[in-house]
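TrEMBL has this to say about the protein:
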type     : residues                                                                                               : note
ACT_SITE : Asp132                                                                                                 : active site, proton acceptor
BINDING  : Gly15, Arg76, Ser77, Gly106, Asp107, Gly108, Ser109                                                    : ATP binding site
BINDING  : Arg25, Ser26, Val27, Val28, Arg29, Arg159, Gly190, Ala191, Glu192, Lys218, Thr219, Ser220              : ADP binding site
BINDING  : Asp107                                                                                                 : Mg(2+) binding site
BINDING  : Thr130, Ile131, Asp132, Arg167, Met174, Gly175, Arg176, Glu227, Arg252, His258, Ile259, Gln260, Arg261 : substrate binding site
DOMAIN   : 7-283                                                                                                  : domain 'Phosphofructokinase'
Amino acid sequence: MSTEISKIGVLTSGGDSPGMNAAIRSVVRTCAFHKIDCVGIYRGYQGLIEGDFKELNARSVKNIINRGGTFLKSARSDDFRTKEGREKAYQNLLEHEVDALVIIGGDGSFTGGMIFNEEFGFPVIGIPGTIDNDIFGTKSTLGYDTALNTVVEAIDRIRDTASSHNRLFFVEVMGRDAGHIALNTGVGAGAEEILIPEENLGLERMLESLERSEASGKTSSIVVVAEGDKSGKNVFELAEYVEENLPGYDIRVSVLGHIQRGGAPSCYDRVLASRMGVKAVESLLEGKSNYMVGINNDEMLLTPLDKAVKGKTEINKELLRVSDIMTT
Ligand code: ATP
């Protein structure tokens with residue numbers, strides 16, 4: 001592999017997600033495999049500006065593949081949004097003789113990386129780390145699969161109590177402006193209704209569906225609501241609305257919150273993280289820069305960072321139909 005790169009820096013930025021540690025491990029070990037140095041940068045771009053660097057070798061990343069979060073810590077950095085901050089970051093990289101950066105984070109982190117690359121010509125590659133799966137250019141982001149499993153398990157537990165008390169539960173799940181988590185966990189956990197931002201079918205439809213299931217003898221139900229749902233009501237208001245219109249239901253609300261971001265990564269996320277780390281480092285060594293690593297049809301691919309940032313992901317419409325059929 002021909003390259004002028006002899007040291008790569010790795011950082012995690014923005015919100016954490018399960019699989020980030022496994023990705024750091026992969027970056028470090030791929031560097032070791034290719035006999036180049038690797039330096040970990042703590043607290044994302046803020047640590048880059050403050051010179052919070054630590055040399056990492058293959059042994060520094062033992063026993064982390066199974067751990068959630070990121071041992072390098074993550075941060076949001078307002079300083080990196082300024083030219084002075086980025087100049088400082090660049091000087092630190094020169095001082096530590098770092099030749100390229102692997103940025104594990106979301107679209108904000110990639111935007112920062114792109115601007116940095118534009119200003120200083122510094123090679124960067126992104127690895128998409130977010131549970132929301134809302135980044136264009138990859139079928140799956142790091143942490144998404146783990147979050148799906150966490151959410152399904154939580155809804156299963158809620159279902160136990162829902163069916164014991166004949167209750168209707170509204171469960172709010174994460175995903176920001178995307179409904180991937182809600183749609184997939186809704187189908188996976190057998191929800192009666194799934195409300196997602198991409199498909200606002202109106203509240204009437206939800207009432208009709210709940211009425212139908214009540215009439216068909218169902219005594220408990222789950223409605224999964226994406227946090228970015230566009231019905232115009234938050235999950236508590238939705239519950240009130242249904243309570244007013246269908247007084248036969250005993251309704252409860254559960255907002256799953258940050259438990260969805262934690263926990264040991266699933267096998268899928270560990271494998272994905274390992275593959276993404278290898279692809280990121282080897283792409284840099286091949287002279288590529290300003291790309292994001294992704295996966296599609298079980299193959300690793302690169303997407304230009306600007307496309308990854310600007311592009312929109314689409315929900316799987318077939319799943320909506322499957323959900324409808326399953327709630328017959
Ligand atoms: P998440 O998906 O969890 O929100 P993210 O990477 O999108 O992750 P952001 O907070 O949007 O999270 O961005 C992380 C960091 O990237 C910011 O704190 C900032 O330091 C940097 N960043 C984001 N946008 C820009 C920008 N336009 N210019 C420079 N830096 C930026």
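Using the three backbone atoms N, Cα and C, a Cβ is placed for every residue, glycine included.
The Cα of Asp107 (ATP binding site) lies closest to that of Met174, out of the binding-site residues Met174, Glu192, Thr219, Arg252. Of all Cβ atoms in the shown protein chains, 15 besides its own fall within 10 Å of the Cβ of Thr219 (ADP binding site). When the Cα positions of Gly15, Arg76, Ser77, Gly106, Asp107, Gly108, Ser109 are compared pair by pair, the longest gap among these ATP-binding residues is 14 Å.
Proximity to ligand 1 (Cβ under 6 Å from any of its atoms) holds for these binding-site residues out of Arg76, Ser77, Gly106, Asp107, Thr219, Arg252: Arg76, Ser77, Gly106, Asp107. Packing around Arg25 (ADP binding site) is summarised by its Cβ count: 25 other Cβ atoms lie within 10 angstroms of its Cβ, all protein chains included. Sequence-distant neighbours of Asp132 (active site, proton acceptor) (same chain, 6+ residues apart, CB-CB distance under 8 A): Gly106, Thr141, Tyr144, Met174, Gly175, Arg176, Ala178, His180, Ile181. Here the binding-site residues are Val27, Met174, and the one whose Cβ sees the fewest other Cβ atoms within 10 Å is Met174. Note on proximity: of the binding-site residues Arg76, Ser77, Thr130, the one nearest Thr219 (ADP binding site) is Thr130, by Cα distance.
For the pair formed by Arg29 (ADP binding site) and Arg252 (substrate binding site), distance between Cα atoms is given as 48 Å, rounded to the nearest Å. Distance from the CA of Arg261 (substrate binding site) to the CA of Arg76 (ATP binding site) is 17 Å. Taken residue by residue with DSSP, Arg252 (substrate binding site) is part of a strand.
Here the candidates are the binding-site residues Arg25, Val27, Arg252, Ile259, Arg261. The one whose C-alpha lies nearest to that of Gly108 (ATP binding site) is Arg261. Per-residue pLDDT, averaged across the domain 'Phosphofructokinase' (7-283), gives 95.
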